[in-house]
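S.K.: The structure's right below; bear with me while I get my questions together.
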Amino acid sequence: MIISAASDYRAAAQRILPPFLFHYIDGGAYAEYTLRRNVEDLSEVALRQRVLKNMSDLSLETTLFNEKLSMPVALAPVGLCGMYARRGEVQAAAAADAKGIPFTLSTVSVCPIEEVAPTIKRPMWFQLYVLRDRGFMRNALERAKAAGCSTLVFTVDMPTPGARYRDAHSGMSGPNAALRRYWQAATHPQWAWDVGLNGRPHDLGNISAYLGKPTGLEDYIGWLANNFDPSISWKDLEWIREFWDGPMVIKGILDPEDARDAVRFGADGIVVSNHGGRQLDGVLSSARALPAIADAVKGDIAILADSGIRNGLDVVRMIALGADSVLLGRAYLYALATAGQAGVANLLDLIEKEMKVAMTLTGAKSISEISRDSLVQELGKSLPAALAPLTQGDAA
């Protein structure tokens with residue numbers, strides 16, 4: 001199969017992966033409206049072409065939390081990453097490290113912190129949920145710090161799991177789910193050999209290390225369902241600061257008021273995110289929410305964005321809308337499932353090339369030169385009408 005874009009990796013991953021795993025990453029919440037709008041809204045952002053600008057000295061390098069990045073991209077935290085390729089977190093981290101960008105390890109990774117961190121040169125980032133078991137949270141923070149993790153990504157948009165209807169149909173949950181998963185594994189031999197047999201143990205390493213026993217998929221579902229904490233509040237940031245003194249990024253911001261609160265409570269960064277359309281269906285796409293948030297807090301806090309990014313043009317669009325950097329999630333997981341570390345490395349090369357084309361043809365020689373001036377102005381506005389926030393009159 002010819003691979004020329006992230007969409008090719010998605011098609012390849014669908015053939016390789018058992019359906020329960022493919023649809024777990026590919027699907028969203030409820031009717032998946034927000035999942036679709038994430039991609040569609042971003043694709044509607046029109047770039048402003050500029051020519052004859054002498055673009056021979058173009059650079060994608062940037063700095064974030066005192067870390068030098070080869071381009072404004074980090075790999076997002078993705079749960080169960082190690083089920084998509086043999087020791088998947090290790091392979092993805094190696095690809096990010098070689099490219100000179102951060103890798104973020106999920107709380108619910110297959111490979112534990114202690115397995116991934118020693119395999120790469122640059123410090124990785126660590127993602128944490130707010131859970132009822134504060135002992136686990138403290139344990140995870142202490143282990144992340146001991147392993148040299150540089151930045152904490154604190155996910156706040158999951159006080160309760162979203163309703164993901166695809167999971168019941170695909171075998172991730174629902175009647176006879178375990179039996180259906182075994183059958184799917186048996187009928188997908190490439191995955192069964194690479195991951196099913198040779199990628200063991202298939203437990204959640206960070207949780208197993210704390211509980212002192214293996215955690216299989218059923219344990220994962222049950223433990224998380226019992227531990228998500230709806231009492232989460234801004235005060236939890238103060239508690240986390242008792243155990244974490246490095247940069248802290250709040251992931252799951254969609255409203256300017258929440259962004260201002262993040263500044264007020266001492267966060268170092270935010271991620272404008274709707275969890276990839278996997279939590280509350282019907283909320284704004286990240287592309288549509290980002291401009292107002294940037295207007296509210298740009299310069300006061302680092303702004304990252306995710307959800308809907310599929311190529312290098314999308315990275316440039318997000319930065320033009322107000323982000324300092326982006327997190328890449330689904331796109332890299334498709335590549336990982338297709339070709340492991342080499343797939344992720346190739347995807348990052350593709351994104352880099354696409355960014356260079358977009359920057360060359362919009363006249364931006366550096367990341368700092370990408371702004372709303374890089375977008376086509378319509379009707380006297382700096383943003384396309386399709387992305388203008390709804391007013392009460394519009395909603396009516």
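Along the chain as shown, residues are numbered 1 onward.
Using N, Cα and C of the backbone, Cβ positions are placed for all residues, glycine too.
As the structure is a computational prediction, the values presented were derived from the model and not from experiment.
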S.K.: Can you tell which of Arg48, Arg50, Arg164, Arg310 Swiss-Prot lists as binding substrate with Tyr24, Tyr129, Arg278?
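M.R.: According to Swiss-Prot, the candidate sharing the substrate site with Tyr24, Tyr129, Arg278 is Arg164.
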S.K.: Using Cβ atoms only, which residues of the same chain lie under 8 Å from Asp314 (FMN binding site) while being at least 6 residues apart in sequence?
M.R.: Leu42, Ser43, Gly308, Val326
S.K.: Checking the contact step here: among the recorded positions Ser106, His275, Asp306, which have a Cα within 10 Å of the Cα of Tyr129 (substrate binding site)?
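M.R.: For Tyr129 (substrate binding site), the recorded positions whose Cα atoms are within 10 Å come to Ser106.
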S.K.: How many Å lie between the Cα of Ser106 (FMN binding site) and the Cα of Arg164 (substrate binding site)?
M.R.: 19
S.K.: Looking at Cβ-Cβ distances, which residues of the chain lie under 8 angstroms from Tyr24 (substrate binding site) while being 6 or more apart from it?
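M.R.: For Tyr24 (substrate binding site), the qualifying residues are Leu80, Arg164, Arg166, Asp167, Ser170, Met172.
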S.K.: 10 Å Cβ neighbour count around Arg278 (substrate binding site)?
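M.R.: There are 24 such Cβ atoms around Arg278 (substrate binding site).
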